[in-house]
């Protein structure tokens, strides 16, 4: 694996050893109805059943355990991060396991259920405006005040390596898999998965999926350079509002085969399909990946890509904000970038 990347496959292997005793081996489920709709064999990696309700515990726990020194006296005074909710919950849970205080910078617009969950796990919440600039500024201030160590939600190498353990499990659970489809925000999960897949089974495709309202990953691939969102994105998929960053971009640029964008209606439709057909209460961010596969444009993907694994990234749903339920129409075509 090229030395220009922030992690190697060896880091993912170490992460697997580091965290496997404290996370769930999440199931892979199928749906014959969704297979018929998609025209492919779909396999759903159910990270909504993971501890803290999303895949984020993998990276958070790997990062926290990497901070634990040989002597208790050297333990960090605190850990700090910014998060729309899921990473904040995961980091707080992981830090609590090791007896470390956690401070989470949360956008004021984050779902209420996620804010309450972060508090329930024992973190101190600090609010910020829903922009990358505000998050970074407030995070730096809290780090100075607490003398805490930053655990970035998607650019920290230990976090990326932890998320890559998803792919290790998928290759064992679905040995004939042809492709993985992963929702992308900051890119930690898709980068970790891409590193793992291309090291172990490079013929398997890795596709990223994101809202068209937050399409920095698509734009970056299109232009061949890192192109962050200029304005705070408006999307119901709150877990993928962040832009990809300096550590995830090179991996995405080189190892992710395609980036698909989907509309808000497509996300709503796909999310409700999973609710109705599979009886799984996923959050809209998890619906982004299925929305990509159900789009007409995905039909241009080779029919040889028959067995497709979709990562259902989380299930932390704010039930009080579901005023859009029943409003979505069937998906329409969307964009893709081929490399």
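Backbone N, Cα and C atoms are what each Cβ position is placed from, and that goes for glycine too.
Feature annotation from Swiss-Prot assigns active site, proton acceptor to 56 (among others). Counting only same-chain residues six or more apart in sequence, the Cβ atoms lying under 8 angstroms from the Cβ of residue 56 (active site, proton acceptor) belong to 86, 87, 89, 90, 91, 153, 163, 314. In the three-state DSSP scheme, residue 56 (active site, proton acceptor) is classed as helix.
Positions annotated as active site, proton acceptor by Swiss-Prot, on the basis of similarity to another entry: 84 (among others). Its own atom aside, the Cβ of residue 84 (active site, proton acceptor) has 25 Cβ atoms within 10 angstroms in the protein chains shown.
Here Swiss-Prot flags 13 as Mg(2+) 1 binding site, drawing on similarity to another entry. Over all protein chains present, the Cβ of residue 13 (Mg(2+) 1 binding site) has 16 other Cβ atoms lying within 10 Å.
Sequence annotations record features per position, and here Swiss-Prot assigns ATP binding site to 31, 32, 33, 51, 52, 89, 121, 279, 316. Close to residue 52 (ATP binding site) in the fold, though at least 6 residues off in sequence, lie 86, 89, 90, 93, 117, 121, each with a CB less than 8 Å from its CB.
Sequence-distant neighbours of residue 69 (Ca(2+) 1 binding site) (same chain, 6+ residues apart, CB-CB distance under 8 A): 75. What Swiss-Prot lists as Ca(2+) 1 binding site is 69.
In the three-state DSSP reading, residue 81 (Ca(2+) 2 binding site) counts as strand. Sequence annotations record features per position, and here Swiss-Prot assigns Ca(2+) 2 binding site to 81 based on similarity to another entry.
All chains included, 32 other C-beta atoms sit within 10 angstroms of the C-beta of residue 188 (pyridoxal 5'-phosphate binding site). The pyridoxal 5'-phosphate binding site feature in Swiss-Prot is assigned to 86, 154, 185, 186, 187, 188, 189, 313.
In the three-state DSSP classification, residue 178 (Mg(2+) 2 binding site) falls within coil. Sequence-distant neighbours of residue 178 (Mg(2+) 2 binding site) (same chain, six or more apart, CB under 8 Å from its CB) are 204, 205, 304, 305, 306, 307, 308, listed in sequence order. Swiss-Prot lists 178 with the feature Mg(2+) 2 binding site, giving similarity to another entry as the kind of evidence.
Look at Swiss-Prot and you will find 210, 214, 216 tagged as Mn(2+) binding site. DSSP classifies residue 216 (Mn(2+) binding site) as helix under the three-state reduction. Cβ neighbours within 10 Å of residue 216 (Mn(2+) binding site), excluding its own Cβ and spanning all shown chains: 26.
What Swiss-Prot records for 210, 214, 216 is Ca(2+) 3 binding site, and it gives similarity to another entry as the kind of evidence. Residue 214 (Mn(2+) binding site) has a Cβ environment of 24 other Cβ atoms inside 10 Å.
Long-range neighbours of residue 210 (Mn(2+) binding site) (same chain, six or more residues apart, CB within less than 8 Å of its CB): 183, 184, 185, 216, 217, 218, 240, 259, 260, 261, 262, 288. Sequence annotations record features per position, and here Swiss-Prot assigns Mg(2+) 3 binding site to 210, 214, 216.
Residues within less than 8 Å, Cβ to Cβ, of residue 247 (Ca(2+) 4 binding site) and separated from it by at least 6 positions along the same chain comprise 6, 155, 156, 157, 160, 191. Annotation comment: Swiss-Prot describes 247 as Ca(2+) 4 binding site, evidence class similarity to another entry.
According to its DSSP assignment, residue 247 (Ca(2+) 4 binding site) is coil. What Swiss-Prot lists as Mg(2+) 4 binding site is 247.
Swiss-Prot lists 56 with the feature N6-(pyridoxal phosphate)lysine, giving similarity to another entry as the kind of evidence.
What Swiss-Prot lists as phosphothreonine is 71.
Its Cβ taken as reference, residue 81 (Ca(2+) 2 binding site) is surrounded by 30 other Cβ atoms within 10 Å in the chains shown.
By neighbour count, meaning other C-beta atoms within 10 Å, the densest spot among the binding-site residues 185, 186 is 185. With every protein chain in view, the residue among the binding-site residues 33, 189 whose Cβ has the most Cβ partners within 10 Å turns out to be 189. Each of the binding-site residues 31, 313 was scored by how many other Cβ atoms lie within 10 Å of its Cβ, and the smallest score goes to 31.
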